[in-house]
Amino acid sequence: MERSHIRDVDPDAADALSSERQRQEDTLAMIASENHVSEAVLEAQGSALTNKYAEGYPGERYYAGCEYADEIESLAIERAEELWGAEHVNVQPHSGTQANMAVYLTALDPGDKILSLDLTHGGHLSHGHPANFTGQTYTVEQYEVDPETGYIDYEGLKTKADEFNPDIIVSGYSAYPREVEFERIQEAADLADAYHLADIAHITGLVAAGVHTSPVGVADFVTGSTHKTIRAGRGGIIMCNEEHADDIDNSVFPGAQGGPLMHNVAGKAVGFKEALSDEFEAYAEQTVKNAEELANTLTDAGLSVVSGGTDNHLVLVDLRPSHPETTGKEVEAALESAGIIMNANTVPGETRSAFNPSGIRVGTPALTTRGFTESTVREVGELMIELIDDPTDDEAIAAVSDRVDTLTDEYPLYR
């Protein structure tokens with residue numbers, strides 16, 4: 001993408017933007033929360049809508065000149081309703097976390113109780129971590145995965161819900177590789193007479209394509225990100241039934257935000273249009289197949305894959321059983337040097353710190369966008385294993401880097 005206008009006024013920024021694009025083209029993105037949107041979505045997010053304030057909602061704006069903002073937002077809403085089958089959709093949240101904030105504003109008062117999955121077991125900061133506003137505003141108790149299986153302990157969750165009596169139970173996770181049984185979590189919510197928030201930030205695309213169970217129609221509120229597995233404009237989304245529609249809309253604006261980022265809403269509209277295609281369904285199916293192949297490859301090499309595999313787009317590896325002296329950060333750094341971008345991650349029963357944890361999290365959404373299938377993903381897994389076995393081997397890093405260069409040339413991005 002030519003950036004001549006930026007280069008004319010700010011060569012430094014133009015260089016950084018061009019370098020970032022080149023970095024993405026020349027490396028393999030395996031951070032589970034990242035993906036590559038289409039040129040069409042990029043174009044929408046860089047459109048003149050970035051200039052437009054549109055406080056309010058379609059047909060009910062606080063400013064004049066919003067006819068095309070209304071049109072774009074209405075398209076995004078209609079397409080989201082079709083994708084996920086929701087009665088009501090709000091596409092204005094700036095992020096998944098702000099979508100969660102709006103739900104909390106709707107359902108809770110300060111001091112009310114949240115029951116959510118522990119962060120080291122696959123939860124998320126916005127579900128009640130002490131460093132997050134949720135942990136500072138609400139009373140939080142957390143449930144865990146079964147230490148033997150790595151699966152959510154649904155019976156333990158019901159017991160904890162009965163004892164803790166939460167006002168809301170949060171499902172949906174940032175590092176949980178198995179399919180979520182939303183109806184079983186709803187049983188726990190019913191037992192406690194609590195709301196149920198399903199945060200599907202990571203799996204919005206998988207749910208839309210029908211390759212993961214949907215919480216829509218089960219949970220009271222469903223939130224998500226719109227730039228991960230769904231490959232739309234960056235931001236968040238909220239879905240609910242009509243009973244909560246007005247409260248949710250008021251919690252987003254004016255409760256949590258001012259004007260929506262209309263250029264991002266445009267990117268959501270375009271990405272949702274793409275996701276309504278048969279090609280997107282095939283993409284989501286391949287994403288899961290690729291993750292399963294990656295999990296099998298790592299398992300075959302003797303690594304400990306949390307829960308024994310995956311049902312979605314990500315694989316979580318506990319390095320301690322096979323490589324007790326190796327940290328996730330050491331593996332992350334070695335792989336980055338070779339052009340494979342993933343992240344160190346905490347694992348259930350973590351014995352190190354969040355800054356230098358014992359695990360790694362890898363995902364296949366971006367590789368699948370590039371056109372990778374099982375055979376190519378298996379090769380990437382084998383390359384990863386070479387550096388996991390010795391993250392300090394410079395010759396191995398160089399050899400893996402050469403192979404990554406070949407793969408990125410064979411499966412180009414934005415060319």
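Glycine is no exception: its Cβ is also placed from the backbone N, Cα and C atoms.
Keep in mind that this is a model prediction, so the values were computed, not measured.
Listed in Swiss-Prot for this protein:
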- Leu119, Gly123, His124, Leu125, Ser353, Ala354, Phe355: (6S)-5,6,7,8-tetrahydrofolate binding site (BINDING)
- 1-10: compositional bias 'Basic and acidic residues' (COMPBIAS)
- 1-21: region 'Disordered' (REGION)
- His227: site 'Plays an important role in substrate specificity' (SITE)
Surrounding residues of the region 'Disordered' (1-21) on its own chain - C-beta under 8 Å, 6+ positions past either end: 39, 42, 414
Cβ-Cβ distance under 8 Å to Phe355 ((6S)-5,6,7,8-tetrahydrofolate binding site), same chain, at least six residues away: Lys329
Which listed residue (His124, His227) has most other Cβ within 10 Å, given these are recorded positions: His227
Helix, strand and coil counts within the region 'Disordered' (1-21) (DSSP): 17 helix, 0 strand, 4 coil
Largest tally of Cβ atoms lying within 10 Å of a Cβ, found at which of the binding-site residues Leu119, Leu125, Ala354: Leu119
Most distant Cα pair in Å, residues Leu119, Gly123, His124, Leu125, Ser353, Ala354, Phe355 binding (6S)-5,6,7,8-tetrahydrofolate: 16
Under 8 Å by Cβ from Gly123 ((6S)-5,6,7,8-tetrahydrofolate binding site), same chain, sequence gap 6 or more: Ser116, Leu117, His129, Gln142, Val170, Tyr173, Ser174
Alpha-carbon spacing, Leu125 ((6S)-5,6,7,8-tetrahydrofolate binding site) to His227 (site 'Plays an important role in substrate specificity'), which is rounded to whole Å: 18
